[in-house]
Every structure is written in C-alpha cells, then in structure tokens.
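Asks: So TrEMBL has the following annotated:
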- 59-93: domain 'Alpha-D-phosphohexomutase alpha/beta/alpha' (DOMAIN)
- Ser72: active site, phosphoserine intermediate (ACT_SITE)
- Ser72, Asp323, Asp325, Asp327: Mg(2+) binding site (BINDING)
- 133-184: domain 'Alpha-D-phosphohexomutase alpha/beta/alpha' (DOMAIN)
- 251-330: domain 'Phosphoacetylglucosamine mutase AMG1' (DOMAIN)
- 346-496: domain 'Phosphoacetylglucosamine mutase AMG1' (DOMAIN)
- Glu427, Ala428, Asn429, Arg557, Pro558, Ser559, Gly560, Thr561, Arg566: substrate binding site (BINDING)
- 514-586: domain 'Alpha-D-phosphohexomutase C-terminal' (DOMAIN)
Amino acid sequence: MAANQDQEQRQRLLAAASRFPLPSGTRFSYGTAGFRADGATMAPAVCRAAILAALRSAKLGGAATGLVITASHNPVRDNGVKIADPDGGMMDQRWEPFADALANAPDPDALLQLVLQFAKDEEIPLGGGGQHMAQVLLGRDTRPTGEYLLDAALQGINAIVGARAIDMGILTTPQLHWMVRSKNKGIKASESDYFTQLIDSFRFISTLLPAAFGSLEELPETDVLEFLTSNFIRRLLELVPKDKGGDELAKKLIVDGANGIGGVKLEQIKTELSGLDIVVRNSGKEGEGILNHMCGADFVQKERVIPHGFSSEDVGVRCASLDGDADRLVYFCMSSTSDNRVDLVDGDKILSLFALFIREQLDIINKNDDQANRSLPAKLGVVQTAYANGASTKFLKNLGLEVALTPTGVKYLHKKALEYDIGIYFEANGHGTVLFSEDFISQLESVSKKLCSEAAVAQHQAAMRLLAASQLINQAVGDALSGLLLVEAILQYKGWSFQNWCELYSDLPSRQLKVKVEDRTAIVTTNAETKVSQPSSLQELIDMETANYTHGRCFVRPSGTEDVVRVYAEASTQEAAESLAKSVADHVERLLG
Ligand SMILES: CC(=O)N[C@H]1[C@@H](OP(=O)(O)O)O[C@H](CO)[C@@H](O)[C@@H]1O
Ligand SMILES: [Mg+2]
C-alpha cells in the first residue's frame, strides 16, 4: 500500500472507532446469530461488524457480502447485526473469533492494530484495489433503532478505503441473504426480482397438476437458461387457469406477521398468489401491536396459544406465524372455541411435508427404472437438531430417509445439508430450507429435457416441479415467505387440508425449561448436544431420571444466545415430560447454580 493510502486507511479506522466508542464493561459475543443487545447500545458492535463485512468482501476479491441489522424474534428494544458471506449463507465460522476481538477492542488504537494485523495474516489487500475493492449490501428490519444503526454500519464500511456500501432498505433477513447470493451469481438481485421468482415458481407448482395439460404439444419449448430467468414459467402459466376455483376454506390463510417486516412484504405480493386468499394480521401497521409481543413464530411455537389479534372466529382456519425478520415459519390452527390452544405445525412438520413432496417427485421421475439404474439418482438427506420432536425423526426414518443431527444453530444445519444432492434442514422453531446442489440441478435439467423429448408427461412434470421448488425455496437461508409459499403450493398440489398435514404423525409431549446458573460454559456437550461430557456426573443423573419415563428423552445445553442453560425433555404424556424436565433442571441448578 502506498504511504499516503496507508495513512488514509489508518485515519479512517481511527475516526470510525472514535465515533462509536465501546462503553467500559461492555462485552459482545458473535454467538449463534451475530451480535445482539439493547438496540441503543449496539452502535459500536454494528460499526465494527461493518468493518469486518468490508474486510471479508476485500478478502474474497470484492464479492459482495451482506450486513443485516435485526434482532429477529427478540423484543423491540433489542437489536443485532450479522454478516452474510458471498454465497448468501452465514459468515464463515473461522472469522468469528476475529469478529469477537474486533467488537471488543477497548479503544481506537487497539482496533486499528487488530485490523492491520488481521489484514496481514489473512492477506487482505487494504487500500490497493480501487473503487470495487469491497462491497457490502445492507438491510435492516423495522426496529426503531434500525436507522441509527444503519448510520453506524455505513461509517464502518467507509472506514475501509475502496469499500462501497449498498443500502437495500428495510427487508426481511432472508431477502438480504438472497440478494447477496444472486448478485454474486450475476443474476438479477432486486426486490422485485425476488418477488417475481417466488410468485412464478409458486404458481407453477400449485397449478401444474397432473391433469393440467392434455398433451405435451401444449407445453412450450424451453431451455435451461430460459427456465432460470423464469420466462418459461411465465409462458407456461399463461396456459393454466389463473383461479382453479374450489373450497373457500382451503384457500383462506391467515398470517401473523409478528408486527414485523414479513407481513409488510406479504401484503405487497398476496394478490398475485392464485388460489390463495391471504389475510395478514399483526401486519406492523400503526396501532396493530408491538413487534414480536404476544405474537410471531417464536411466541406461537413456545406457548402453543393463539397470538394477539386472533379470536374464536378463526377456529378451523389455516394460520401461519412469521417471526420479526421473517426467517422463521410455523403453522397453526385453532381447533376449538373453548380455549386458546392451537394445533401446531412446527419446523419438523414443515420439513416432513417438504421431504414427502420431494420424495414423491423423485419416485415419479424414477418410476419405470430398476433400483440400480435410476434416471435421476439422488442423495436426499434430512438435517435436524436434538430439539426435533422424536416423533418427527421416527416418521422420517420410517420413510427410509437419512436423518442427520447437528448442534443447534442454522450454520451447523446448513453446512450439513450441503453434503446432499437435496438437503432439507429445519430447526423445530421453524427456521429451515431445502438446498439443491448445483450438480443435481444440472442433472435435473438434462433429465427434464430428455423426458420432454420422450413425451413422458408425468415424469417431465415431476422434474419441472422439482426445478420450480429449487427456484421457490431460498437457497441462501431459511426464509418464512418462500417456505410459506412452498407449503401452500404443496398443499394445493396434493389437495391437502391443514388437518391432513397435521396428522402425518403426533408430536410426543415435550417441555423446555431455562435454568440460570453461575457459569453456563461449565456445561460441555457432545454427540450433537445430546450428551453432557462435563460435568460428567450430570449425564449420569440425566440418564437415571430419563430411565423412569416411557419414551423419555432429555438433554441439556448452554444457550448460545441467552445467559441460561436449556433443558429439553420428551415423554409419553405432558405431565411426564414436565416432570422429567423439572427434575433434570433441579440437578442442573444444584450442580451449577
Ligand atoms: C432451542 C432454540 O430454539 N434455540 C434457538 C436459539 O439458540 P440458543 O443457542 O438455544 O439460544 O436461537 C438461535 C438463533 O435464533 C436458534 O438458531 C436456536 O434454534
Ligand atoms: Mg428470525
């Protein structure tokens, strides 16, 4: 770096760090999902995360990275920040220790030294790459502190010479991840491109019923490129009726938007979704309620009661809940007027629906083939965490699917899912997606062409449905909007009601508790967090307690986002699950409290 550029770089870093000094006693940890704290105290962490996002882009040859300002399902006063890598996924875990060090640098000079040393170690070209040395896409949710923190982020990015900030505005978290991924792939990456892709692929799956076309002659010719730009879907859709008519209740969907950004975005596209009559509640409009307060996916999944804004008039209607930044999705239905309880369809059951659909399409494509010689051999895998309900894991294994378990946190699940041709992952709380490998998509495209030329209508349509699913479901991260549309498309395609879906299997009763202890890091876990290795006496106690219950299962782990130890228990009755969780929580408290 030339001496004057070097000087400029140093000055900019010192200036940014001085603008947002770290109050003494503050300690940030990148944790399971980035930095989070009271929104009013987040500016130093956001500015430093933005410096990091720019460095990450510079390290990767100027490929765009992303910075999202959100605290997801947490209370409205909180805020947070996380970084997306150029592939749209979470930032490489190897950079997390540096994120922590940077966020906690006590003064501007310490920060400068850290950056210079890190840039040297990682061979990051500081200051030398001209205009497009680094670019960072910025997004934020609807929190009141968002705008103030955006300013801190802009200053952080400008602290790196040659780095460019691109503010994408108020978005769902998955939209920003999608934009980062698309931009780096050289595909159109605006919000309207995102919406077009979702709407078209949704309509394709839901309306391309086996009987929708009389003969193949009616299908327009396609090629891969055209498919990817979704012109083909557009032309195909011109051939199918816009509204299939049918049952009003089947069409109706009430969506709890958690008073966050997801409801706002859904309002923008809902009239374009054929066969669906969507009503958004807790939409975030003035006067409708507070972000995530008594509503949203986290509330519904944990409390299992109807969210704010719903009433006995909604009994029997299919409902969905998003979280504050719309990367979690659960479904529910009120089955009786006598209480506020809901029948819940959590992430595990969404995963199960997706797995069934994908398996079905693969079976159609391969239906005339013998076992050893399939037209489209596919390694289909399912990824869950220990929080997945035991009944879901059993259901999936009974389908003959490979089920892998990882530690809690999307970054672990996503990484594992990438090992398959089609990897489906979900946390029980509703965060998840379906990943299609690029190799598999190319195979699918060529098989689809071959089937078309052979006039194998059913197989060809199944291949096209899978291609459309890969367009619809967000390939970067779990996305409540795209997940919701895939669920709705599959329900329409299968002609299923909420009840049909809910009855796939019955959840085992479960209970989650939090225990406050002196030092939660004293608990060390192993086997995807299902066993405690330290303190060793704790696992013996858990085993002893669990042995007293039919279908008993219990594990404990330190939370990555809160200062608590979480206890999870399952058993054959609700009382038994509560009692198992309580007795293990007592042991945790006695040993570590
Ligand atoms: C039991 C549970 O729901 N844990 C959540 C929670 O993590 P903890 O490490 O358990 O605090 O927040 C994570 C980030 O949102 C999410 O990935 C995870 O599933
Ligand atoms: Mg979220």
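For all residues, glycine too, the Cβ spot is worked out from N, Cα and C.
Just so you know, TrEMBL annotations are computer predictions that nobody has curated.
On a predicted model such as this, the values are computed, not experimentally measured, just so you know.
Burial and contacts for the listed features, if you can.
Replies: Residues 33-40, 42, 45-46, 49-50, 52-53, 99, 122-124, 129, 132-141, 143-146, 149-150, 153, 157, 166, 173, 176-184, 258, 290-293, 296-299, 323-325, 327-328, 410-411, 414, 475-477 of the same chain sit 6 or more residues outside the domain 'Alpha-D-phosphohexomutase alpha/beta/alpha' (59-93) yet have a Cβ under 8 Å from a Cβ within it.
In the shown protein chains, 28 other C-beta atoms lie within 10 A of the C-beta of Ser72 (active site, phosphoserine intermediate).
Take the CB of Asp325 (Mg(2+) binding site) and look out to 10 A: across all protein chains shown you find 32 other CB atoms.
Helix, strand and coil content of the domain 'Alpha-D-phosphohexomutase alpha/beta/alpha' (133-184), in residues and according to DSSP, is 25 helix, 15 strand, 12 coil.
Shown for the domain 'Phosphoacetylglucosamine mutase AMG1' (251-330): DSSP residue counts in helix, strand and coil, namely 23 helix, 18 strand, 39 coil.
Around Asn429 (substrate binding site), the C-beta neighbours below 8 angstroms that are at least 6 residues distant in the chain are Ala297, Asp298, Gln301, Arg328, Val330, Asp346, Gly347, Tyr387. DSSP gives Asn429 (substrate binding site) a coil state; it is part of no helix or strand.
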Asks: Among Asp323, Asp325, Asp327, Pro558, please name the binding-site residues whose Cβ is nearer than 6 Å to ligand 1.
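Replies: Close enough to ligand 1 is none of the binding-site residues.
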Asks: What whole-number distance in angstrom separates the two most remote CA atoms of the substrate-binding residues Glu427, Ala428, Asn429, Arg557, Pro558, Ser559, Gly560, Thr561, Arg566?
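Replies: So the binding residues stretch over 17 Å, Cα to Cα.
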Asks: Which whole-number mean pLDDT does the model give the domain 'Alpha-D-phosphohexomutase alpha/beta/alpha' (59-93)?
Replies: 97
Asks: Do any of Ser72, Glu427, Pro558, Arg566 (recorded positions) have a CA within 10 A of Asp325 (Mg(2+) binding site), and if so which?
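Replies: So the list reads Ser72.
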Asks: Take the C-alpha atoms of Arg566 (substrate binding site) and Asp323 (Mg(2+) binding site) and report the distance between them in angstrom, rounded.
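Replies: On Cα coordinates alone, these residues lie 21 Å apart.
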